[in-house]
Amino acid sequence: MNSINVKIKRIRPEKGNPLPRYMTAHAAGVDLCADLDQELVLEPGERTLVPTGIAIELPEGYEAQIRPRSGLALKHGISLVNSPGTIDADYRGEIGVIVINHGNEPFVISNNERIAQMVFAPFTRAVFQDVAELGETARGEGGFGHTGR
């Protein structure tokens, strides 16, 4: 299993909120917790930015992906609007999670509640070549369900 060193800063250290952590030995992502002064009620169809109380410094060549938690999605219809969200290596601000309630009931988010997961990944940057034509393939321009439903 590979690992990288990630510097982490607590935005409000006096609150003593937990740092992200892996919940199982083989988990790909760490859980991110809400950093709230009071409970937040998310009505059906409503979205909001939830602070996490942390900022990170990633090594060059890496990104962090913010993803929904499957249990919240299945049980409550809670997801992320921009999924996955991307944290770039040069971003130093507080990580915020844009949460949306796709469920039928209001959803209460409490301080320290696990609201999303963060996965670290290397990335490759493209060097674009401006061309007049692209190579032919059997698929061609077919897309958006052209192979079936």
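Every residue gets a Cβ built from N, Cα and C, even glycine.
Here Swiss-Prot flags Arg69, Ser70, Gly71, Asn82, Thr86, Ile87, Asp88 as substrate binding site, drawing on sequence analysis.
Taking every pair among Arg69, Ser70, Gly71, Asn82, Thr86, Ile87, Asp88, the residues listed as contacting substrate, the largest Cα to Cα separation comes to 26 Å. Following the DSSP three-state reduction, the secondary structure of Ile87 (substrate binding site) is strand. The local packing around Asn82 (substrate binding site), expressed as other Cβ atoms within 10 Å of its Cβ over all shown chains, amounts to 10. When secondary structure is read from DSSP and collapsed to three states, Gly71 (substrate binding site) falls in the helix class. The binding-site residues under consideration are Arg69, Thr86. Their Cβ neighbour counts within 10 Å are lowest for Thr86.
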